[in-house]
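Listed in TrEMBL:
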- 12-34: transmembrane segment (TRANSMEM)
- 40-62: transmembrane segment (TRANSMEM)
- 74-90: transmembrane segment (TRANSMEM)
- 141-160: transmembrane segment (TRANSMEM)
- 167-186: transmembrane segment (TRANSMEM)
- 198-214: transmembrane segment (TRANSMEM)
- 226-246: transmembrane segment (TRANSMEM)
Amino acid sequence: MTDLIDRLIKKIPLYRLTLYYLENLCILAVLLGWTGRMGYSGFSILSSMAVVLVSCFIANAIGVSVTGARSNRDAVTIAALIIALIAPPAVSFGEYSFLVVLSILAMASKYILTLGKRHIFNPVALAAVIASFIGTRTAVWWVGVGPMVPLVIAGGILIARKFRREDMVTAFFLTSTGGIMLSYLLQGMSLSAFFSDLAFHSPLFFLGFVMLTDPKNAPARRRAQIIYGIVVGLLFIPQVHIFGIASSPEMALVAGNLIFLASRLKLTAASTA
């Protein structure tokens, strides 16, 4: 099975595979929206994607002109599509404005919060965290709803395999699902409710396969990857509080990025001492 997967993805560049995956998720979402199976209209989903794409490319162009940094078109498109898949599709001016703000924050973080020509935080996750503090809207991770889940998982397996992050993703899944299951049982909720929520109303798979695996924000060594997956998995559990604030998927990832950064700086300081 793994040989078949490897043959399928061998000739596709890393980020291009992610781009194809996200594009297919977006196409599926629009089709499901038009058929009334998403909770959002096809027009709302499509127009929101267009607004995010335009906003991200404009904001990125400004960032490049100001900093003189190099830019990757695929990376910008990937960030835009991720935003479109986790932020609520818009139907009003205020909601479209939220998408624009989210896009600007994500692109700005790529050029402002950097270390060694690498952005410190996952841009989309950080943008969602900041937006949740400065406004009344936040990411809803609608990509994790029922009809989308099979493609999220199938494509996500290819992504994890291509990026060689299977152990990290597995550690994240086992830790987060174990913690969430325990919290369900402690609250007297049934396992059937747990599995139903996990399969049809959870950002778990998309976060784990798409955002956790970003090589710019994750460790390169296998042991460190596993530890990183466990840490983010623990922070992902909704009952966990970070600095007194209830955790969210985006906050878990940003906190994980911060912990990874601290460990990198500590190792660098130790090696130069």
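The backbone N, Cα and C atoms fix where each Cβ goes, glycine too.
Cβ atoms under 8 Å from those of the transmembrane segment (198-214) belong to residues 18, 21-22, 82, 85-86, 122, 124-125, 141, 143-146, 149, 152-153, 155-157, 159-160, 163, 165, 168-169, 172-173, 176-177, 180, 229, 232, 236, 249, 252-253, 256 of the same chain, restricted to positions at least 6 beyond its ends. Residues 26, 29-34, 71, 76-77, 79-81, 83-84, 87-91, 96, 99-100, 102-104, 106-108, 110, 142 of the same chain, all 6+ positions outside the transmembrane segment (40-62), place their C-beta atoms under 8 angstroms from a C-beta of that stretch.
Using a Cβ-Cβ cut-off under 8 Å and counting only residues 6 or more beyond its ends in the same chain, the transmembrane segment (167-186) has close neighbours at 160, 193-194, 198, 204, 208-209, 212-213, 218-219, 222, 225-230, 232-234, 236-240.
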